[in-house]
Ligand SMILES: *Cc1c(COP(=O)(O)O)cnc(C)c1O
């Protein structure tokens, strides 16, 4: 059985007491009649964006809720998932007192956000096969451990964490378990979204930056219980998702067929890339991946990285990351870009 968790006990005192800023768009409730808006000091002349955006992003949330089969009240949207993650720190972690757990090698923002917010980041290395090390995690947590970050599929390793391990952590960790699913749409494995009801301490983040091809508009999604979402809503800037982003995101998520055919092409490109990599003499290991990138171990990552730069191709050198010595992370591109990468890899020796 999951341990009983009182979410309110995890919230910072100042946030618990806080009365959120009430914007002009919040105070007026739409009546359906044609109204004259003189409440927000906007310029009345039409530019398409002369009005403040909907602070609750209702249209976008309704559509996301429909697609993912959750309630709109279980969604918080942010200026990229980076903002969503920052809000989690600010709502739940008391600076100088609380701590979070992250599992390197992983996404670098958890650590950066911890540092910005003056929160101790307790790092527990993944195992050699890039799975969470449960007993070590449990030995590092205490009553001030508020957030545990599980990035799955993980960046930069590409693997999805074992389901049993995640369940064990959801049951044993008494803070919030954040599952970062930035790459979930490239994975054949199921999202944790369908289990939100089951685990009251589960928070899932997703983004339009990867599979949805919208990194430039900055839209991050947080899915959690209504109770957790209500807490985050109290501290989010009222207009954190701008009008252009809301419009572009809505159009894009309605374009289901285009998105899924692009994802299918990327997966096909990934398969071809992996096949070629098996023939490249200086590639020593290709790690299994559920994402739109492949991590490989090579003879000398830094010199291979520079050789590829010389040929006009930029990849990510991950050699300084723990457990990632001499690894390179290759993002799958268009068919043409993949061909260029493949040709360059084959030409190196
Ligand atoms: C790319 C990425 C994100 C995306 O962040 P945005 O701010 O939404 O662009 C989040 N988490 C991980 C692990 C990523 O690799």
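Positions of Cβ are set from backbone N, Cα and C atoms, glycine also.
Keep in mind the model is a prediction, meaning the values are calculated, not measured.
Annotation comment: TrEMBL describes 46-345 as domain 'Aminotransferase class I/classII large'. Taking the domain 'Aminotransferase class I/classII large' (46-345) as a whole, pLDDT averages 97 in the prediction.
The annotation N6-(pyridoxal phosphate)lysine is assigned in TrEMBL to 210. Residue 210 (N6-(pyridoxal phosphate)lysine) carries neither a helix nor a strand DSSP state and counts as coil. Within its own chain, residue 210 (N6-(pyridoxal phosphate)lysine) has 182, 183, 185, 186, 292 as residues 6 or more apart in sequence whose C-beta sits under 8 angstroms from its own.
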